[in-house]
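The structure appears right after this line, and notes come after that.
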Amino acid sequence: MSLLEDRYRFVLRLLLPASYLAAREEEMVAAFLDGAGGASDGDNPRPRAGEVASVAALAVRVRLAAGPELPRYQVLGRAVRRAAFAGLLFHAVLSCVWFAGFLVAYGLGDVPGALGPVARGEAGSAERLLDVVWGFAGLLGVAAFAALARGRAGAAKVLAVLSLVWLYGGVLGAPGLTGGEAARITATHTLLFGLPVAALAAGYHRGAAAPRRPVWLAVLPVVAAVPLYALLSVLNAGTALAGDVESTALAWAWMDETGLACLALLVTAACVPARARGEAHVALSLVLLTAPVALARAVDLTGPPAGPGAVTATQVVQLCALLLCGAYLLVTALRAMPAREPAAVRTPDGETAGGP
């Protein structure tokens, strides 16, 4: 066995599941050596970085698209896809809320206490046109979720990435933000909105197509955003009427992006039937959602206080609740995990075979 072959086999065994290698290792090694040329051991050859990256990508696809022959990876794949779907749903709901504020800012609605941006530029100016186009681009998150709900994962990936560009562009282009504030908001958005897009890209591919769900599910973000926007407007009007934020501070601690994610997760974890919560992929998907939200709240706590001391105390309580909920769900997921796949063994002639 040449040095290059030995190193390539090491990469394969390090990254790929043993049961997958049992059927395909020799074929993969032969194909690799055919394309590698006649490298001698004296040249100290190694697999190219691109080849290693290709094996790593294959390892992700194999694990997240695994079938019953790899039960643990099948659970992981289902959990990642479920988390991606829920994460895009949350993004889509907030996108609808932001778009409602945009419409109100342009006089297309009269909502007391309405939240939203201020229209930019004079009527008919290029600045106004750009602002209108940018406002409508906020619907990319809604379109991404609708595409995924209707089974078009490829379109959902493109739209989700574009929605992230819109999201980060809004942060980086916001006037008056200091470097530290922009960094915290960017980190929070990455945890809340960027990671679900990464889960979407990893979980849905040729080996794991998105199911075609009912039409009503595609419009669910719009339905959910209406009462949420009304609640935010009422809360904002109440704050303005009271003349200070202290009277509504505790409510606002649950109404920022991280607070809403925390509330949604805790309510979901409590409302999911115990039988369903005991299924490994359901519990694990909630863990995958809880971890970034907890990190996002921790990032928020590193900045200046968001309001009176009660707000900070509420945020700390939220973080503790997320950690406890995540720990419970993780234990539940681990207990419900199926048995490990049989370990592969190496025969004297170098072949890989499944264990007993």
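Heads up, the Cβ atoms here are built off N, Cα and C, so glycines get one too.
Here is what TrEMBL says about this protein:
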- 88-109: transmembrane segment (TRANSMEM)
- 129-149: transmembrane segment (TRANSMEM)
- 158-177: transmembrane segment (TRANSMEM)
- 183-203: transmembrane segment (TRANSMEM)
- 215-237: transmembrane segment (TRANSMEM)
- 249-270: transmembrane segment (TRANSMEM)
- 282-299: transmembrane segment (TRANSMEM)
- 311-331: transmembrane segment (TRANSMEM)
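At the 8 Å Cβ threshold, with sequence separation of at least 6, the transmembrane segment (249-270) lacks contact with the transmembrane segment (129-149), having fewer than 3 such pairs. The stretches the transmembrane segment (129-149) and the transmembrane segment (282-299) do not meet in space: the count of Cβ pairs below 8 angstroms, excluding pairs fewer than 6 apart in sequence, stays at fewer than three.
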